[in-house]
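Now, the feature entries from Swiss-Prot:
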| type | residues | note |
| --- | --- | --- |
| MOD_RES | 63 | pyruvic acid (Ser) |
| ACT_SITE | 63 | active site, schiff-base intermediate with substrate |
| ACT_SITE | 68 | active site, proton acceptor |
| ACT_SITE | 83 | active site, proton donor |
């Protein structure tokens with residue numbers, strides 16, 4: 001089945017807590033992951049909580065990468081959602097796992113936007129004039 005996007009739900013257990021609590025490190029890891037996956041970065045926004053924990057998003061032309069960290073548990077929840085054929089979400093995921101020194105990662109892959117009942121390949125972006133119902 002063809003889908004509009006691929007969504008990787010990544011659980012990172014037993015990570016290096018020093019990395020998970022460092023705002024610049026977390027931000028750089030997600031930005032670098034987007035670049036390594038061949039994504040086009042649109043904007044970056046991260047927030048550091050008191051006493052610890054970071055949430056952030058890297059908005060890409062092809063969708064987004066998000067993270068929420070719990071350094072006190074050595075845990076992070078990461079989403080890598082991508083659309084189109086030029087971006088490689090699995091490359092981003094592998095880089096993130098390695099960069100956080102994660103010892104127990106797990107990844108669930110979901111295909112998003114399975115809207116064609118004819119199992120036909122769908123274009124990633126279409127012009128407004130080209131929009132049509134595909135089912």
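Quick reminder: no glycine exception, Cβ is built from N, Cα and C everywhere.
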Distance from the residue listed as 'active site, proton donor' back to the residue listed as 'active site, proton acceptor', taken between C-alpha atoms, in Å: 22
Least surrounded among the recorded positions, given as 63, 68, 83, when other CB atoms within 10 Å are counted: 68
